[in-house]
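Here is the structure we will look at, set down as structure tokens.
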Amino acid sequence: MVLCSRCDNAASLKRSQDGNPVCCSCFIELFEQDVHDTIVKCGILKRGEKVAVGASGGKDSTVVAYVLNVLNKRYDYGVELHLLSIDEGIKGYRDDSLKAVERNRVEYGLPLTILSYKDLYGWSMDEIVSKIGKKNNCTFCGVFRRQALDRGALMLGANRLVTGHNADDMAETILMNVLRGDIARLQRCTTAVTGSEGCLPRAKPLKYTFERDIVMYAHYKKLDYFSTECLYAPNAYRGYARNFIKELGRTRPRAILDVIRSGEDLAIRGEIALPDLTNCERCGYISSQKLCKACLLLDGLNTNDLTLGVKKQKSKSQKISEGGQCSAQGKTCACTGARDPSEEF
Amino acid sequence: MCESVGLRKCVKCPEPGTLAGLDPSKASYCKPCFIQMVKHKFSSTIGKRRLYKDGEKRETLIVFEGDGPSAFLLSLISQGLRADAHKRLTLIPTVMVLLTVTDEEAIAFVKRRVENFKDVVDARWIFVHISSIFGNFDDLDELNSIGNVESIAKWERVLNACLTESVRNEFVRLSRALICVRVARRLGVNKVMMSDSADNLAKCVIYSLAFARGSSISCLSGAVDKTYPHVSIIRPLREISNKEIALLNRFENSDRFIIHVDGSENCKHGLSVQSATSEFVDNLQVEGFRATITTILSTATKLQSISRKKTRCQFCSALFQSELDDERFVSEFVCLFFFCYLSIRLRPMCLSVQLFHLIGSSVLIIVANTEPPEHIMVVPANVLGNNILTAVSVQV
């Protein structure tokens, strides 16, 4: 019988980070200590802040909401937690996951706000997919959800937005940005707190926590979460990166943390121009173009031009589009070419 | 008549296009234009960086390893030296046959095979075993071969000390570059030409990310790598894929330069970070994402480390961060040499490693067999932990 590496009880599992055998209580203690260390070290939470927790009903957001609630009481961060959910309008999927969030609200005693795509944009994901088909619909969903979370947090008066991205998600994103040459996003996607300059900060407390550990933590704590995958996203390009990251994790568990470490070490060379962040002319939210991607995609949906914001706009095309213009006048801009903002962090 | 209707035209001439290379837009070429296109990529990689102009030294160490890309490189060097005055490759080559197999009969077989085509490049040919990294280079002037039974035994011991296939493969890769640089220094040459192709470099970028080497991926995948003092590594096949190399080897009969040895590292199987990465990149390329390799390489050249410090490990080209003192962020593979050093439990006779300085919280490790001693890396003492006393006692 294998014994726990910290006490003399029988071991129940191996930790993903170091491979040490641990028992249930030690695993839970170490898990929460790791998250606490990440919060303190990266400066994720500040006293007196109101924090919106992006809650989708899945395991990551359920665990991050639960752990933040526990650690907030234990270590007295002094923050006010608020659950924020986005209803994309995917029948049979999102309504069931939102029921899980409702149960979490009751169980944890945290206030919950639900926003829907239909209310914010006039289109639900079911309507979008019936219009454009299953290809590229992740682009619309990701762009809308990110802006919806920003809008919801501002509506609540929150100072910070917390998401449940874990180490596997971070490694996948770094890998995908390298595979697609998206160097502007590569510089932004690895920090634990992004958007510190005037816009809403986003924090990822589970940044160094493995997905497998999150599942085991939710299992031992008997947390209630929804685990079905989205039915519109079976062929996403991210699936390739996800399978590769899982293979790396099987071969060498530290490889996932090492990919994140590599991403943190990277920077853009000085001579390469990057887009400047401004505000959208139409809705006023953050954007590097004259029109933000959400407004551009909405234009495409409303005017039946389904390639607007998705396909690359040719510069000599007779159909002049505002969104195709780049704000970096005269400079070689990193945002030329088709980009998939649904992977934005 | 019906057969030629569906054929695409060559993008350079009216002939039917039957060949396509690494270009993501699938440009078709006929055979002569394809050959010209691939050779032009080789010439432009060297020419656009003006490596042999403006009074630059022309002595170059050509690394030959017996595989397809190095056979192709040897053929291009041979043709380039024989071209007319306008297109001549103006370099003075020394060909170094790099041996990685450890079996004596296999080494003798490789040497015999090389003797058959030595005259293709009019240059000095030397044979270097990769285990010479543990030996000395004093007899390189008289002999044309270094690496003896003793250093090969050390090499095998270190490889067996590696805990996983991933570590072993990474150690071989790092040692390969370092041995080429050391031989070049010993010969007084400041340029090393290696035969890394686009496929291999793209895979190297991806699995270097998995080894926490993000700070050095632009160095290890660039056409000119200047991380080593006084020696530049040149990769003229950087934009040419393995498929293009194989086709041109077949067209120009360069296959005769390829040497297959049983027991070489290509035959080793096992799950490793390198094999998973290789399979991943190949699958993406086959699945229709044809720009994978070119995008990875162009991305890597645009990135650099966020650190401004000049302390760079000469073994793996990693830059050290201020977080190095934090054990959580110290990957055990920040430098693989360090890991192998620890994994064999500080047996200094094997690696001839001595601790030279214990400066504050850092240990400066020096490989003693080189002259002058060559700094390999700086390691925080807390990583050595309980082994620090043993390590210091080794020095006495």
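Glycine residues also receive a Cβ, built from the backbone N, Cα and C atoms like all the rest.
The ATP binding site annotation in TrEMBL covers A:Gly54, A:Ala55, A:Ser56, A:Asp60, A:Ile86, A:Gly164, A:Asp169. For A:50-246, the entry in TrEMBL reads domain 'tRNA(Ile)-lysidine/2-thiocytidine synthase N-terminal'. Per TrEMBL, the feature domain 'Cytoplasmic tRNA 2-thiolation protein 1 C-terminal' maps to A:279-304. If you look up TrEMBL, you'll see A:320-345 marked as region 'Disordered'.
TrEMBL feature annotations superimposed on the structure.
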{"residue": "A:Gly54", "record": "ATP binding site", "Cβ contacts under 8 Å, 6 or more apart": "A:Ser61, A:Leu84, A:Ser85, A:Ile86, A:Leu149, A:Leu161, A:Val162, A:Thr163, A:Gly164"}
{"residue": "A:Ala55", "record": "ATP binding site", "Cβ contacts under 8 Å, 6 or more apart": "A:Ser61, A:Thr62, A:Ala65, A:Leu83, A:Leu84, A:Ser85, A:Val101, A:Asn104, A:Leu112"}
{"residue": "A:Ser56", "record": "ATP binding site", "Cβ contacts under 8 Å, 6 or more apart": "A:Ser85, A:Ile86, A:Ser97, A:Val101, A:Gly164"}
{"residue": "A:Asp60", "record": "ATP binding site", "Cβ contacts under 8 Å, 6 or more apart": "A:Gly164, A:His165, A:Asn166, A:Asp169, A:Leu206, A:Glu211, A:Ile214"}
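Per DSSP, the domain 'Cytoplasmic tRNA 2-thiolation protein 1 C-terminal' (A:279-304) is made up of 10 helix, 3 strand, 13 coil. Look at A:Asp169 (ATP binding site): DSSP puts it in a helix. Note on the domain 'tRNA(Ile)-lysidine/2-thiocytidine synthase N-terminal' (A:50-246): mean pLDDT across this stretch is 82. Taken residue by residue with DSSP, A:Gly54 (ATP binding site) is part of a strand. The secondary structure of A:Gly164 (ATP binding site), as reduced to three states from DSSP, is coil rather than helix or strand. There are 22 other Cβ atoms within 10 Å of the Cβ belonging to A:Asp169 (ATP binding site). Residue annotation for ATP gives A:Gly54, A:Ala55, A:Ser56, A:Asp60, A:Ile86, A:Gly164, A:Asp169. The furthest Cα pair among them is separated by 20 Å. DSSP gives A:Asp60 (ATP binding site) a helix state.
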